[in-house]
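Asks: Okay, handing you the structure first.
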Amino acid sequence: MTINTIEGDFSANQGRYAIVVTRWNSFVVDHLQSGAIDALKRHGISDEQITVIKVPGAYELPLVCQRLADTGQYDALIALGAVIRGGTPHFEYVAGEAAGGLNSVALTFDIPVVFGVLTVDSIEQAIERSGTKAGNKGAESALVAIEMVNLLTQIGTGEAAE
Ligand SMILES: Nc1c(NC[C@H](O)[C@H](O)[C@H](O)CO)[nH]c(=O)[nH]c1=O
Ligand SMILES: CC(=O)[C@@H](O)COP(=O)(O)O
């Protein structure tokens, strides 16, 4: 007996991708954005399939992603930002609300919302994760988006099984 396996792949360059990018900490987030775009295009996604939206900070990501998801015009959202801990508990609130809000959008609108928001303790950690020795979380997020679009396409809506 062969076990049925369903998994996303990178063979199909389908889908419409919105990359939602914060202006906060642009010195690293801009590198996340370029990494994400490069990864999408290296996997066959065309310029016409990509839309970039700029928001003030990570706290604004969920609302804008909610509005984008509600349009029905995108197959995946990639949320990119960098929340860098300072001297007060503000980090916890910004990072926590961004993560929770983005997950809520994904579940509410049945759309992949990839969490590409760095949550780090220092600028050095942010730099390491935006294209230097710890990779580029923007590029990684783009690959997650492609895989999820293909996976969910394969799973379907379940209507056909009824
Ligand atoms: N400190 C960081 C912020 N703070 C700003 C908030 O995201 C938000 O724009 C403001 O509270 C107004 O609603 N944002 C980041 O993305 N990264 C930070 O390190
Ligand atoms: C993540 C933040 O909001 C943080 O950068 C703010 O810094 P501080 O906690 O020193 O006000």
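Even glycines carry a Cβ here, placed using N, Cα and C.
Okay, these came from TrEMBL:
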- Trp24, Ala58, Tyr59, Glu60, Ala82, Val83, Ile84, Phe115: 5-amino-6-(D-ribitylamino)uracil binding site (BINDING)
- Gly87, Thr88, Arg129: (2S)-2-hydroxy-3-oxobutyl phosphate binding site (BINDING)
- His90: active site, proton donor (ACT_SITE)
Asks: Looking at the recorded positions His90, Arg129, which one has the fewest other Cβ atoms within 10 Å of its own Cβ?
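Replies: Among the recorded positions His90, Arg129, the sparsest Cβ neighbourhood within 10 Å belongs to His90.
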Asks: Under a three-state reduction of DSSP output, how is Gly87 ((2S)-2-hydroxy-3-oxobutyl phosphate binding site) classified: helix, strand, or coil?
Replies: coil
Asks: How many Å separate the Cα atoms of Gly87 ((2S)-2-hydroxy-3-oxobutyl phosphate binding site) and Tyr59 (5-amino-6-(D-ribitylamino)uracil binding site)?
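Replies: For Gly87 ((2S)-2-hydroxy-3-oxobutyl phosphate binding site) versus Tyr59 (5-amino-6-(D-ribitylamino)uracil binding site), the Cα atoms are 18 Å apart.
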Asks: In the three-state scheme derived from DSSP, which category covers Arg129 ((2S)-2-hydroxy-3-oxobutyl phosphate binding site)?
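Replies: Going by the DSSP assignment, Arg129 ((2S)-2-hydroxy-3-oxobutyl phosphate binding site) belongs to neither helix nor strand, so it counts as coil.
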Asks: Counting across all protein chains present, how many other Cβ atoms fall within 10 Å of the Cβ of Phe115 (5-amino-6-(D-ribitylamino)uracil binding site)?
Replies: 18
Asks: Can you list which of these binding-site residues (Trp24, Tyr59, Gly87, Phe115) have a Cβ closer than 6 Å to ligand 1?
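Replies: Correct list: Trp24, Tyr59.
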Asks: About how far apart, in whole Å, are the alpha carbons (Cα) of Thr88 ((2S)-2-hydroxy-3-oxobutyl phosphate binding site) and Tyr59 (5-amino-6-(D-ribitylamino)uracil binding site)?
Replies: 16
Asks: At 10 angstroms around each C-beta, which of the binding-site residues Ala58, Ile84 has the fewest other C-beta atoms nearby?
Replies: Ile84
